[in-house]
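> Marked as transmembrane segment by TrEMBL: A:6-27, A:34-54, A:60-82, A:89-111, A:131-157, A:188-210, A:222-246, A:267-285.
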Amino acid sequence: MGWLEPLLLTIITASTPLLLAAIGELVAERSGVLNLGVEGMMIMGAVCAFAVAVQTDNGFLGVIAGALAGAGLSLIFAVLTVSMATNQVATGLALTLFGIGVSGVIGDGYVGVDRSPLPRLDVPGLTDLPFIGPVLFGQDALVYLSFALVIGVTWFLRRSRAGLTLRAVGDNHHSAHSLGLPVVRARYLAILFGGACAGLGGAYLSLSYTPFWVEEMTAGRGWIALALVVFASWIPWRAIVGAYLFGTITILQFHAQGAGIGIPSQLMSSLPYLATILVLVIISYERTRARANTPLCLGIPFVADR
Amino acid sequence: MRLELERRGEQSRVMTVLSPVIAIGLTLVAGAILFLLAGIHPAEGIYTYFISPVTTAYSAQEVLVKASPLILIALGLSLCFQANVWNIGAEGQYTLGAILGGWLALAFGNFSSPLVLPAVLVAGIAGGLLWAAIPALLKTVFRTNEILTSLMLTYVALLLLDYLVRGPLRDPAGFNFPESALFGPSAVLPTLASGGRLHLGVLFAFGLAIIMAFAMPTTLKGFQIRTIGQAPKAARFAGFGTNGMILFVFLVSGGLAGLAGISEVSGTIGQLLPVISPGYGFTAIIVAFLGRLNPIGIVFAGLIMSISFIGGEAAQIRLGLPIDVAKVFQGFLLFFILACDTLIYYRLRLLKPRAAT
């Protein structure tokens, strides 16, 4: 069993950024907004978190900066798509291109800088338990936060009044508007939440997963997070299953490369992307299940008729 | 007081033409502010990015050479976007075109025949077309979201190219550098003037733009594509097969991206390298929108984007700015163009706090 523990630990680190970004995007999409800028918001979170953490020598401030950077970028998206009713697909793509560009400029001076990873939150006594200890009680704060967010979002969407409003806005914005529900405000908040979560996912990458900054280090994780939302069919807990499935694939292909199996490393590296395609195909083939929770107004701009 | 959007009765013709101009103007203003913040004289910054590339004959040729793949890819994407099909994997289709065409060029070696070049170009088109066929078929058969599949395939294509130039296609006499052998003379796109940088690929881009400018408004296919995008229900009643159209626009855009890819490696680079594109496939998305999905507009947009690429290189050398600043400008431009496009369909109304409506 000696090999299983480090394997599980690395799977958790590979899955957490995906889970963080996916749960945020899930909320945004439930409000009827498809934000394809996850990759851009994630990379901005990664670079800003790293820069602030290095400058202040404080990982916590770095995490905050990552979330703020993601939210800040998502605000551009919100102004354009919600207030100006622009095409969401094109705006999201622009957000990703813009985020990658800005992150390269900000991160220019931070390439090659080293930093120790975020501290683990050890629980005295429990962390020393064999096997279970390090896996369950020896993680850093963002890992616990990712699970807390899933539970929080589940409760919010199912049980809270605001969550009901959010779903109503996502399923039929005209009816929601007629009922006097705040369509614009709900979408703004959902987009900002999604941006902050994507920023946290990026912060986790640069502060804990690697922990250093390189250009385009998100390497498509934002896009995989988008696929995870479809995989989860817009139900929060299923995002955990999806994120950990992809985290496992990522780690297993690393280990297979390390074990020196005669398969080209590039082929192994492409496995997470191929797996994403496969999963999307399977999900979309099961039409009834996929459709049950799809927000009906997803991707449609809202302009109040008077 | 707040701003509100009010739907116009019909599209504003003035704004259709004016919106890209306003967007470019706003990008320049944003750029000037950025330069000020970075402590660079705004005029010098803007001159380096947007004017200096067209001041010498060499760099002006370079602008045309870099604009060509952007225009070719954007022409294909404009068909997709008009039909509401979101192919964003053009970078991958471009790469596969370069791989398949480049592989054939290498297989020919120094074999000399006038048929080599056409065969290489056809292989390039086929490469892009086949790579685009995957998301197209997944969308038509399984209703799988083409945005994500086409993008995922881009990552796979880039890894495939990396594998090939470090493995099977590496130049045996290349001292283990990750690059293929140089293509034989008959597999290289001829230059338009001896000693110049312009090659036949540049003509493909501009020629095709002119052809499409005539074909789109006059042919049935052009009409069908627009109808499916703007009024899917009407298209169904008219019997325009949606699935067939998805396949058609995907394959055309993939083939054009493949042509851009093989033209780049055969005309500009001359061999396969691990990296053969500064992000043409993604920038072409901006080009397509900036050009209003219109062939002639796309030519102008491609030239502007190409200037910003070359200007970015000049700024890196002269002003010591990171190369990514060009991407920031491109992002700004796309934001502004999308925002200005709203003015085509809507009027901005300044509202006093509503007392009674």
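One-based numbering along the chain as shown.
Including glycine, each Cβ sits where the backbone N, Cα and C put it.
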> Who are the long-range neighbours of the transmembrane segment (A:222-246) in its own chain, taking Cβ under 8 Å and residues 6 or more past its ends?
11, 14-16, 18-19, 21-23, 25-26, 29-30, 36-43, 96, 147, 150, 153-154, 157, 198, 201, 272-273, 275-276, 279-280, 283-284, 289-290, 292-295
> Which sequence positions outside the transmembrane segment (A:131-157), separated from its termini by at least 6 residues, show Cβ-Cβ distances below 8 Å to it?
1, 4-5, 8-9, 12-13, 16, 19-20, 23-24, 26-27, 30, 63, 117-123, 163, 166-167, 197, 200, 203-204, 208, 236-237, 239-240
> Other than its close neighbours in sequence, what residues sit by the transmembrane segment (A:6-27), given a CB gap under 8 Å and a spacing of at least six beyond its ends?
35, 38, 41-42, 134-135, 139, 142-143, 145-146, 149-150, 153, 157, 166, 190, 193-198, 200-202, 204-205, 208-209, 221-222, 224-226, 228-229, 232, 234, 236, 239-240, 242-244, 246-248, 250-251, 254-255
> Which range wins on Cβ pairs under 8 Å with the transmembrane segment (A:188-210): A:34-54, A:89-111, A:267-285?
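Comparing A:34-54, A:89-111, A:267-285: A:34-54 has the most Cβ pairs near the transmembrane segment (A:188-210).
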> Can you name the far-off residues of the same chain, 6+ from the ends of the transmembrane segment (A:267-285), with a Cβ under 8 Å from a Cβ of it?
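Here the qualifying positions are 220, 223-224, 227, 230-231, 233, 242, 245-246, 249-250, 253-254, 256-257.
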